[in-house]
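Here is the structure we will look at, set down as structure tokens.
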Amino acid sequence: MLRIADKTFDSHLFTGTGKFASSQLMMEAIRACGSQLVTLAMKRVNLRQHNDAILEPLIAAGVTLLPNTSGAKTAEEAIFAAHLAREALGTNWLKLEIHPDARWLLPDPIETLKAAEKLVQQGFVVLPYCGADPVLCKRLEEVGCAAVMPLGAPIGSNQGLETRAMLEIIIQQATVPVVVDAGIGVPSHAAQALEMGADAVLVNTAIAVADDPVNMAKAFRLAVEAGLLARQSGPGSRSHFAHATSPLTGFLEASE
């Protein structure tokens, strides 16, 4: 069971809504992966009516909506988008995204921290997308963010946990949930994140662009479950030396 702010989730796999060939395929994949929290970009939905092709099936499915501020380049733009989302969707949950460079889509640490502090003061449950910077993640936690969402690699790159060393530090020092976001390309990446101690992962591109998104969604669900179970089972420690699993000489001594 995963708890973030005032909500609990059975699934440790969060998903997005971008890049799917159709809203029907999107919903089939979401159901297949068992995600209970789904992020959506405010610029992609019709906020004036809930019969939007993306929004309507999500509301009907009863998943927790996590609107994001993707496209915002400054703290001011992100705060403006956050208020639009709260008014239109009736939720104070927000994935804070501020990335000024459209080529790399890397989060702006200064603007993110500035916006996060103000949004928390304004009553939002803030989950910030951020770089894998242990100092920044601790500062975001200190200003009241409900979780932190450090990247594994650039958005949509499918490179995996390129920031593993920093993620391990973030996880070790965090007192709020850590959700690894961005760059997860295959189910084994998700399993590794849960094994190392992450509370959840957010996966979008890897599922949406797969040849078979629904089966890929199932694969991610199983990988996340496996990674979490492995961590809870207490993996053995790593060693530079070999350790025999069976006696090497006992049978010789017994035959003498």
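The backbone N, Cα and C atoms fix where each Cβ goes, glycine too.
The active site, schiff-base intermediate with DXP annotation in Swiss-Prot covers Lys95 and rests on sequence analysis. Cβ contacts within 10 Å of Lys95 (active site, schiff-base intermediate with DXP), excluding its own Cβ and spanning all protein chains shown: 27.
According to Swiss-Prot, the feature 1-deoxy-D-xylulose 5-phosphate binding site maps to Gly156, Ala182, Gly183, Asn204, Thr205, an assignment based on sequence analysis. The number of other Cβ atoms within 10 Å of the Cβ belonging to Gly183 (1-deoxy-D-xylulose 5-phosphate binding site), over all protein chains shown, comes to 23. Annotation note: Gly183 (1-deoxy-D-xylulose 5-phosphate binding site) sits in a coil segment as assigned by DSSP.
The Cβ centroid of Gly156, Ala182, Gly183, Asn204, Thr205 marks the 1-deoxy-D-xylulose 5-phosphate site; residues of that chain outside this set whose Cβ lies within 8 Å of it are Ala153, Pro154, Ile155, Ser157, Asn158, Asp181, Ile184, Gly185, Val203, Ala206, given in sequence order. Per the record's binding annotation for 1-deoxy-D-xylulose 5-phosphate, residues Gly156, Ala182, Gly183, Asn204, Thr205 show a top Cα-Cα distance of 9 Å.
If you draw a 10 Å sphere around the CB of Asn204 (1-deoxy-D-xylulose 5-phosphate binding site), it holds 23 other CB atoms from the protein chains shown.
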